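A.B. asks: Here it is: the structure, laid out below.
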Amino acid sequence: MLRAHPVEAIRAAERPLIEAAAAAGDPDAVMRRAASGVAHHTAALLRRRTGGVYGRSVMLLVGSGDNGGDALYSGAVLRGRGCRVEAVLLDPERVHGRALQALRGAGGRVAAAGTGTDSSTPDVVIDGVVGLAGSGPLREPAAATVAALAGAGVPFVAVDLPSGVDADTGTVHEAHVRADVTVTFGALRRAHLLASPTCGRVEVVDIGLADMGSEPLTVLRPDPAEVGRAWPVPGPDDDKYTQGVVAVRAGSARFPGAAVLCASAAVAATSGMVRYVGSGSTDVLAGRPEVVCHPSVAEAGTAQAWVVGPGAGTGTEAVADIDAILARGRPTVLDADALTCVAGHPVVLRSASAPVLLTPHAGEFDRLTGGRDRTDRSGALRRYVADLRDRGIPATVLLKGRVTLVDDGETTWSIDPGSSWAATAGSGDVLSGVAGALLANGLGCGGEVAWPAVAAAVAHGEAARVAAGRTGGAGAPIGAGDLLRALPSAISALRGA
Ligand SMILES: NC(=O)C1=CN([C@@H]2O[C@H](COP(=O)(O)OP(=O)(O)OC[C@H]3O[C@@H](n4cnc5c(N)ncnc54)[C@H](O)[C@@H]3O)[C@@H](O)[C@H]2O)[C@@H](O)CC1
Ligand SMILES: Nc1ncnc2c1ncn2[C@@H]1O[C@H](COP(=O)(O)OP(=O)(O)O)[C@@H](O)[C@H]1O
Ligand SMILES: [K+]
């Protein structure tokens, strides 16, 4: 499991190291260690991209703080390895003096932004514009310089964080660096897990930082192997009931497919039994004859967990069904149309005495929250969960997207499947089916509902990867049906990870 920390915690952990270095008369010792890590990973990128290091050209984008200092010291190291290094100073009046001297001493070229820079396109850019102290989008002249280099296809190595990405919220501002590699120091920052697609491959350099624990603002990323180990496996004494029965209320005349995708995903996720309530029994049974269908919520037999919502409608009947399901007092996944019902009738959640898992996409989340705080996704999520919990609703929320977040009011989990192939119609129905099955099974090594939600998101992402890669090569677009069919291979891969 990876942990990513808020800036305040990082700064507090670094302080003793920096003070010790200063007391020993070498105030830049930590910075030079960090910089040699940046140089090491930049050299590795150059080798991968160009087959070597010697003679390659490196451009440093140097801001006014210590992030720029790291870039300058790393340039000095790369100069020592035979690179041509040019530093572009974004604010020549405010630059880390000793680091600049080190670069000059090593034979690096220095220019102010917009004046007489080397005209050839560099092999790599080191982004030392701004790091932990950054806020807001890249400012000029950094924004225009970055846009031109990115447009020319030059790879970026970000020092600490891609500039233009907020360290704590992970907000990616319009003007920002998209990094191929991000080299950070001692421990991950929250943005590394909240904005992982913008950070590229994240490398953590050891600077002698003591191990950091968790606190409420720490973001966690699950280890796929851990999810695989926790996946429910029937034992010798198990039967179809002991593994947890999940009931699915999904589908409508307008959306028959949602019923098939959701119920079939529940069947694929664990052994045991799946019940179905809705208008789609014929279609569900055509694909999955093992599903047990019931004419209404009231007539459904016992289930250890429920899923309600995919394609299930938003009328008064749908709201009444949600109410009836919650009144059964079992853990329940509320997805899709059920979330629209909750947004319109928040009072319906009052019937929830057992844990509920809400699984909105961005639009549904806006509907639930009135569209507040679009820029600080994880903060808005934490506040929404806290609101629900303050109202006595035992809620966990899974916010979908390329980076899926799960928050139970105490912990934020982040899942990034590494590609966006899962962004396809109906794939959310598959996710809620998997989550419901895991909830019914009582999977719970990391919390009552958060862990099944996290495990479902991991398996969903892995299924997308398997499905998109089924043809080999670079991968191909998938539909939700492909993702569904890939679930068994994905679960098997996780269990073998
Ligand atoms: N604190 C530590 O212990 C260590 C820090 N290190 C480096 O130091 C960095 C933090 O340095 P600083 O605290 O000096 O701060 P930064 O270098 O992150 O930023 C400070 C400067 O950036 C400017 N700035 C802020 N937002 C901007 C934007 N959007 N566009 C352009 N400029 C902007 C500010 O005006 C300020 O002058 C870390 O990210 C890391 O790279 C490393 O040397 C390792 C050790
Ligand atoms: N850009 C993306 N990259 C990867 N996965 C994504 C992306 N956008 C959405 N997803 C995932 O795809 C699924 C889509 O769910 P949802 O929006 O509810 O679709 P639907 O309602 O069509 O089923 C979710 O699991 C979500 O996390
Ligand atoms: K940076």
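We count from 1, first residue shown onward.
For all residues, glycine too, the Cβ spot is worked out from N, Cα and C.
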A.B. asks: Considering the AMP binding residues LYS400, GLY401, ARG402, VAL403, THR404 given in TrEMBL, which of GLY426, GLY428, GLY433 is annotated for that site as well?
C.D. replies: GLY428
A.B. asks: Record says ASN67, ASP127 bind K(+). Source is TrEMBL. Which of SER163, SER196, SER214 does it list for that same site?
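C.D. replies: Matched candidate out of SER163, SER196, SER214, per TrEMBL for K(+) with ASN67, ASP127: SER163.
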A.B. asks: Using Cα coordinates, what distance in whole Å links LYS400 (AMP binding site) and ASP160 ((6S)-NADPHX binding site)?
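C.D. replies: Rounded to the nearest whole number, the Cα-Cα distance is 27 Å.
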A.B. asks: Cα of GLY401 (AMP binding site) to Cα of HIS361 ((6S)-NADPHX binding site): how many Å, rounded?
C.D. replies: 7
A.B. asks: Quick one: which of the binding-site residues (LEU132, HIS361, GLY401, VAL403, THR404) have their CB closer than 6 Å to ligand 3?
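C.D. replies: Correct list: empty, so none.
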A.B. asks: Cα of THR404 (AMP binding site) to Cα of GLY69 ((6S)-NADPHX binding site): how many Å, rounded?
C.D. replies: 34
A.B. asks: What Cα-Cα separation, expressed in whole Å, is found between HIS361 ((6S)-NADPHX binding site) and SER163 (K(+) binding site)?
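C.D. replies: Here the two Cα atoms are 27 Å apart.
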A.B. asks: Counting other CB atoms within 10 A of each CB, which of the binding-site residues ASN67, SER135, SER163, THR404 comes out lowest?
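C.D. replies: Result for the binding-site residues ASN67, SER135, SER163, THR404: minimum number of other Cβ atoms within 10 Å at SER135.
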A.B. asks: Starting from the Cβ centroid of ASN67, ASP127, SER163, the recorded K(+) site, name every other residue in that chain with its Cβ within 8 Å, sequence order please.
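C.D. replies: Same chain, not in ASN67, ASP127, SER163, Cβ within 8 Å: LEU61, GLY63, GLY68, ALA71, GLY128, VAL129, VAL130, GLY131, GLY134, ALA158, VAL159, ASP160, LEU161, PRO162, VAL177.
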